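Chemist: According to Swiss-Prot, the protein carries these features:
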type     : residues : note
TRANSMEM : 25-45    : transmembrane segment
TRANSMEM : 95-115   : transmembrane segment
TRANSMEM : 128-148  : transmembrane segment
TRANSMEM : 168-188  : transmembrane segment
TRANSMEM : 204-224  : transmembrane segment
TRANSMEM : 254-274  : transmembrane segment
TRANSMEM : 287-307  : transmembrane segment
TRANSMEM : 327-347  : transmembrane segment
Amino acid sequence: MESIRIIPEVPSFLNQVLSVDAWNILFLVGQALVIFLVVVIVAALMIIYERRMLALWQDRYGPNRVGPWGSLQLVADMLKIFFKEDWTPKFADKFMFILAPAVAMFTALASFAIIPVSPMLGVADWNIGILFFFAMAGMAVYAVMFGGWASQNKYSLLGGLRSAAQTISYEVFLGLSLMGVVAMTGSFNLRDIVVAQQGGFWHWNIFPQFLGFLTFVVAGVAVTHRHPFDQPEAEQELAEGYHVEYSGMKFGMFFIGEYVNVVLISALMTCLFFGGWDAPLNLGFTILPPAFWFMIKTLFFMTMFVLARGSLMRPRYDQVMNFGWKVCLPVTLINLMITAALILISAA
């Protein structure tokens, strides 16, 4: 498969200042900082986007008091969180209590290192990209468990236990739903997976891997703890769950981390099933930059998360777990068997 260079050639006159390796490292660090900053900004903008979309969905105005047409509501919310008291309960395990939101934020941002936004824009071109994503997703479970246990609050602890069981369960289905794509492409590298789908929408993985896509969507919503699978923080049952004792910037890190994960899962759907930066048709659409198509597709899936929150009811915790093991697991296994059979037939 054709290799794509994501580090540009260094001009010869710059080699007199630093070595080529040093320039490459500086380029990657700068690119990573820009991408992570953009991701945080997009996640923050998604908050106000979600509030506007839910207001439209529910036939109301939404935020319209701060700035023209409510455009500065996000700034007001950020200032409010920043100036709130950063309180730590006396009975809490302070180290774990402080570590939990940092782990939640770090794992969400670090996972974006493997996302190829365009042929030349991406932090890391790793052959173990998908495995790295699952490693970060596994670490994110500890953030919720640390927050629930360190708070020494029964609602927090119940939320942490729910999160651990739900996330570990649905990460199994998340991984199995991707194995069909990996088997068809022959690579764990997201850039290779996107390149294999180039040439138009009829080459996208959504068609041969439709069952895998459905289970990935369900498992992605469950892993990000979004409605209707927001069991770890169910307000009516657990009073905000594992972050009930958090305030100020610690709560803000959990809050932003959740929306960063939504952007991450949306970007993964784009790369794995919808061709990444590939235009749907080559008839005039290719004049638009590849990053434009990536952002449009990602925004579509972010909107799907928002509309799911506004239209679906929250099931009971036992119903969520039963649905995973009794519906999602058989569907992913059937999809794997069909994919394996098709690969063997095509090889023969």
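Placement of Cβ uses the backbone N, Cα and C atoms for every residue, glycine included.
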Chemist: Would you confirm whether the transmembrane segment (254-274) and the transmembrane segment (327-347) meet the contact rule of 3 or more C-beta pairs below 8 angstroms, pairs 6 or more apart in sequence?
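Modeler: In this chain the transmembrane segment (254-274) does not contact the transmembrane segment (327-347) - fewer than 3 Cβ pairs sit under 8 Å.
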Chemist: Taking residues 6+ outside the transmembrane segment (204-224), which of them lie with a CB under 8 Å of any CB in it?
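Modeler: Contacts of the transmembrane segment (204-224) (Cβ under 8 Å, skipping residues fewer than 6 from its ends): 137, 166-167, 170-171, 173-174, 176-181, 184, 193, 197, 258, 261-262, 265, 268-269, 272-275, 278, 304-305, 308, 320, 324, 328, 331-332, 334-335, 338-339, 342.
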Chemist: Return the stretch with the most CB pairs under 8 A relative to the transmembrane segment (327-347), choosing among 25-45, 168-188, 287-307.
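Modeler: If we count Cβ pairs closer than 8 Å to the transmembrane segment (327-347), 168-188 scores highest.
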